[in-house]
Structures are given as C-alpha cells and as structure tokens.
Amino acid sequence: MRTMSYGSPAFWIVMAAVSAGFGALHGVLFHDGPTLVGTIYGTCVGVLMIAYERGLFLAAYSRRLRQLPTLAYFAAAEISMAVLIVVAMSATGVVIWALGIADKPFLEAVTPKLHTVPFALAVSALIVTVLRVRDLIGSETFASLILGRYHRPVSEERVFLFLDLVGSTAYAERHGDLAAQELLKAVFAAIAEPVRRHRGQVDDYIGDQVIVSWPLARGIERARCVACVFAIHRALERDRERWLARFGLVPELRAALHGGSVVTAEVGVDRHKIAYFGDVMNATARLEGLCRETGRSVLVSDAVLARLPALPEGIEAEALGDHRLRGRSETMAVHALAQARAPVTAVSSGHRTGVVADRKPDHAARPTRPQAAAGVPGRSAASA
C-alpha cells in the first residue's frame with residue numbers, strides 16, 4: 001500500500017480536492033452563489049490552512065504559540081487561523097472579482113460573510129485533526145486502520161530494520177533523562193525523512209530503538225532497505241556540527257535487517273494498532289544485539305541479502321558466517337554491511353562484495369544482475 005507524504009504532489013492534490021468539496025458544500029448549505037465560486041474559495045482557504053499547519057510558512061510563529069499555556073495556546077491558535085481565513089478569502093475574492101467569475105460588487109467579493117469564518121474554522125479543525133492522528137500513528141498504519149486491512153490477521157512477508165542508538169543510557173546518566181529525551185527526539189526526527197524517501201514506515205519506537213518495515217517486495221526492490229540505513233547514517237553525519245553544538249556528540253546507530261513471513265493484525269480495544277507476530281521479529285531483535293558482540297554497525301541476514309538484486313553503489317558486504325542467536329535453535333547466516341573503503345572489483349568468493357561509489361563503469365550500459373557465487377547466492381553491488 002503506497003501512502004502519500006506531505007511533500008508529494010498527490011497529498012496536495014487530495015487536500016485541494018477535499019477543500020474544494022467543502023467549499024462547494026458551503027455554497028449548497030448557505031445558498032451562497034454559484035458552486036464554482038464556493039469551490040474556488042474552499043480550495044484556496046483549505047490549502048493555505050493546511051500549509052500553515054504543516055509549517056510551510058510562519059513556522060517560527062507557530063512554534064512560539066505551542067510554548068504558551070494550553071488555554072492561551074488554543075485561544076491564540078484559533079485567532080490566528082481566523083485571521084488567515086479572512087486574509088485567504090479576501091485575497092481569493094480579489095482574484096474572483098478581477099476575473100469576473102463572481103457577479104457581485106468588489107466589497108462583497110472580498111468581505112467574508114459572518115457564517116463563512118466559523119464554517120471554515122470547523123472544517124480546518126476537522127482536517128487538521130485527521131492529519132495529526134495520521135502523524136501520530138503513521139500514514140500507512142492510519143490507512144490500514146481506516147480500510148480495515150488487518151481487521152482479520154494476515155500472513156505476509158516483510159523486511160524489518162531495527163535501529164538502536166548507541167550510548168543513550170550513558171548519555172542519560174551524564175545529562176539526565178530530559179536531555180536524553182531531547183536527543184532521542186532529534187534522532188528520531190532525523191531518521192524520519194530517509195525512511196519516508198525510501199518508502200519505509202516507522203512502526204514503533206521502543207525506548208531508544210526504532211522499528212522500520214517494508215512489504216518484502218518494496219523493501220528489496222532497488223535495495224531500498226539497505227539504502228535507507230546508509231541514508232540515515234549520511235544524514236546524521238551531514239549535520240555533525242549541529243549535533244556537536246547541541247548535544248556534544250554525533251549519534252551512532254546500530255542497525256539490523258531481517259525479513260520473512262509474519263502475521264500482521266489489528267489489535268487493541270480502547271487503543272488500536274497494527275502489530276506483527278512471528279519469529280522474524282524476535283530474530284531481528286537478536287540480530288541487532290549481535291551488532292554489539294561483533295562490533296559492527298550494520299548486520300543483515302542472508303534471508304534478506306540473498307533476495308536483493310544488488311547492493312547500493314558504494315556498499316560492500318562481508319560474510320561473518322553462521323551465528324546461533326540467543327533464544328534460537330537454528331543458526332543464521334549473517335553479513336556485515338559497510339561503506340567500501342577503497343576501489344575494489346567484485347570478487348567471486350563465498351560472500352558478496354561491493355563497488356566503491358566513485359568507481360565508474362567502462363561503458364554506459366545499465367548494470368545487469370550478477371551471477372551467484374558458489375555456495376552463497378552472491379552478487380556484486382551496483383547502482384540500483
């Protein structure tokens with residue numbers, strides 16, 4: 001199921017359509033001129049209000065409002081939205097009057113009627129509430145709950161990425177729980193964009209751990225699950241100076257990738273959520289713990305690696321052999337993933353190797369899927 005991010009054209013098209021629908025409804029309910037006029041007003045006002053709520057303009061002002069006491073915040077927020085609605089309707093009225101779409105005097109076109117502002121406030125509040133619930137539980141989970149996709153348990157294949165912040169306990173001991181929570185909040189925010197860009201979904205936050213997942217086909221396509229891990233690492237490193245200035249450190253993450261069949265179900269009575277059940281979840285958690293034992297930042301199971309068409313360019317895999325994870329009777333073939341340190345060519349051996357990011361092919365042909373190496377279905381990394 002593909003969901004819409006706030007930066008996607010699809011999201012804004014849907015929001016514009018919803019706003020237009022409410023604008024047309026206003027015209028029908030209050031007999032306020034042609035439906036087309038109501039649709040135009042609704043679209044302009046609705047899109048402006050959503051853009052404000054999403055922080056696309058006046059973001060600093062909105063942040064200051066949130067620091068006010070609760071009652072003062074609600075009062076100031078309502079006044080601000082009412083002012084924005086009046087401004088949006090007046091500006092839209094000028095355009096409609098200038099184009100001759102509405103057969104009314106100028107002052108009537110640019111002056112909102114008394115019933116219009118409360119109606120627009122109510123509709124804006126409804127849309128904003130829905131969007132915030134979507135933010136709270138995640139866009140994909142929100143869509144699944146609305147559609148009842150997992151009302152009955154479903155067996156499906158997924159790829160899971162467990163991310164764990166290194167040294168968070170020590171940071172809390174030195175700086176206190178509130179400071180540690182600020183660090184976690186900032187790290188989780190930094191993780192969100194790469195996950196969204198690689199079409200993953202954040203399923204849960206557990207302490208200092210983040211659980212991300214993809215439907216199996218989506219996660220392995222173009223090695224999205226692997227690319228996501230290193231995109232997160234690059235995002236953290238890119239803001240190194242900001243992290244050092246604010247927290248005195250640059251966050252380091254341990255990551256484990258594993259996948260397979262899980263049972264997905266909607267659970268809960270008073271509070272509903274989408275939950276995953278199966279050995280894959282336990283195995284991924286144990287694999288993340290193996291990062292500590294092996295001293296590696298990123299581990300991937302062969303169950304995932306063997307399915308990838310190729311590793312992302314500049315990433316190499318090193319076979320670590322079979323490991324018996326705690327609580328499991330069977331061993332798991334494990335590989336460590338890392339940025340390639342020096343230009344290498346693909347080696348026909350018992351594990352996969354990568355190609356360095358700045359290594360250019362001798363011709364412009366699209367890379368083909370490499371043949372598997374003996375013993376392990378290996379492949380050289382190529383740009384996906």
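Cβ from N, Cα, C; glycine included.
Feature annotation from TrEMBL assigns transmembrane segment to 12-30, 36-59, 71-102, 114-133. Annotated domain 'Guanylate cyclase' per TrEMBL: 159-288, in sequence order. Summarising the annotation, TrEMBL assigns region 'Disordered' to 357-384.
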Stretch among 12-30, 36-59, 114-133 sharing the most Cβ pairs under 8 Å with the transmembrane segment (71-102):
36-59
Which numbers of helix, strand and coil residues does DSSP report for the domain 'Guanylate cyclase' (159-288)?
70 helix, 40 strand, 20 coil
